[in-house]
Amino acid sequence: MVKVKIETHDLNVWFGSVQAISRLNLEVYENEILSVIGPANSGKTTFLRALNRMNDLNPNYKMSGLVEMDRKDVSGLDVELLRRRVGMVFALPLPLPLSIFDNVAYGVRMHGMRGGQKLSRVVKESLKQAYLWDEVKGRLDESAFKLSGGQQQRLCIARTLAVEPEVILFDEPCSGLDPISTSKVEDAMVKLKEKYTIVLVTNNVKQAARVGDRTAFFLSSELIEVDKTEKIFTAPDDSRTDGYIRGKFG
Amino acid sequence: MRKFKEFIIEKLILFSGLASIFFVVLIFLFLLKEGLAVFKTVGFFDFLLGKKWYPISEPARLGILPLILGSLLVTLGAALISIPIGVGCAVYIAEVAPLKIKEILKAGIELLAAIPSVVLGFIGMVTLVPWVKHMFKIPTGLTALSGSIMLAFMAMPTIVSIAEDALYSVPKAYKEGALALGATHWQAIYRVIVPAASPGIMAAVMLGLGRVIGETMAVMMITGNAAVIPRSILEPVRTLTATIAAEMGEAVVGSEHYFALFAVGIVLFVISFAINVGADLFLHKENK
């Protein structure tokens, strides 16, 4: 029996008068990769940002319904604590203007970890999990901006891992990367689901097919269907899903 | 015909571009010509480091150290007041304030910049000066401190608006990245946004101080204008600018005093030039 990590109940989201998500009921299981696909403005990133309450930053944001993690309403949780438990990797890799080491150590230090050895161990572990350690181990003191785009993205993953989250949200993590970097990030994701629950929003349908255990298809702020990835990609219930996957629109 | 029009317009623009440089060069040459003449009678170091400024005694004593120290003391005091408040205000406007308050504050800051310095000086004279006198129980309120407080008000609009710009142009993704790691709003401001904007903030501070050191009217009205080396911030001082403004009218053209005032002008010019170059360097660092 799979355990439900995150679920939404009748979630509606508006930005001003525009509805970004309508009546969304969706579950994310523990230790799976849930891919979310759909055309632009279909609500997939809004869904992602509802899970760690990053939408709260937008002053026009309104919601109704419920987002629960481990059966607890996230709007009742301490928001900083929630964001530690639900890490996020953004579309554009944006390292902070610091060294490689300090980028990874940043979040950990912020949460109060001092002391050299333990910190170094956390940084090393995180970089290893993000498949970056071998490429940077000799130059942790260099500026993070010297890394390539793909390396920077994996650095951002390592930075997220270092604070030991339970869930990781990927918001189109490979949109700016070349195919080789993309496959490295994908390898990292597949490996990471052993320890973490992953939600992946992607514009790349093939990427969803490659790494997702289940795939959800969003269209015009609604969830059209969600099922095992093989099912979605071979025999979807809804003809619109089929159309999108085959590249007929969107 | 069209080509000819293009040609004329191009030359006109070129002329306007050159004119500004041309005038700067002319002013500088004139300053040098008039100012350097003083060194025929006074040694360079006697002038810069001389402790006595008695320009109309016989023989004249033309040491500007008291004036330099006066300017520096007033500027330092103004910096200590205006930098923390100005940068804090910029952070509040850029990051914390709700939209409405933000607009009100920005308008207020612009209004503050629009107050003529003589009006500020006048207000300072009738409100601040008696207050300082009363507060510190000193014989006169016309002190360096009063000047510093008043000038801090003048530096603030520059510091706030430029620093706010710098903070605002920090990529939103930096902030989101920090927040997504579980940073509190303050942690994101303090550890990410302010450091990322620091070159712009430094430039803002430099330009604000540039305004302070060049300010004349208000300081002349409220610092007491005593050309002695100040021993504390609660004593009257006289600044470089106030000296020129106060004495140029009575200096005989071509006299030693007259040349000395121009030399004071050169010193001021060099100081503000250095500050501007410093600000420029910081701004360019940001662009890299």
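A Cβ is built for glycine as well, from the same backbone N, Cα and C atoms used for every other residue.
Model, not experiment: these values are computed from the prediction.
Over in TrEMBL, the protein carries these features:
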- B:68-279: domain 'ABC transmembrane type-1' (DOMAIN)
- B:12-32: transmembrane segment (TRANSMEM)
- B:64-97: transmembrane segment (TRANSMEM)
- B:109-132: transmembrane segment (TRANSMEM)
- B:144-167: transmembrane segment (TRANSMEM)
- B:188-213: transmembrane segment (TRANSMEM)
- B:258-283: transmembrane segment (TRANSMEM)
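For the transmembrane segment (B:12-32), same-chain residues at least 6 beyond its ends with a Cβ under 8 Å from one of its own Cβ atoms are 262, 265-266, 269. Of the two recorded stretches, the transmembrane segment (B:144-167) does not lie close to the transmembrane segment (B:258-283), with fewer than three CB pairs under 8 Å once pairs fewer than 6 apart in sequence are set aside. Within its own chain, the transmembrane segment (B:188-213) has Cβ neighbours under 8 Å at 71, 74-75, 78-79, 82-83, 86-87, 90-91, 94-96, 151-152, 154-156, 158-163, 165-167, 169-171, 174-175, 177-179, 241, 268, 271-272, 275-276, 278-280, 282-283, 285-286, counting only residues six or more beyond its boundaries.
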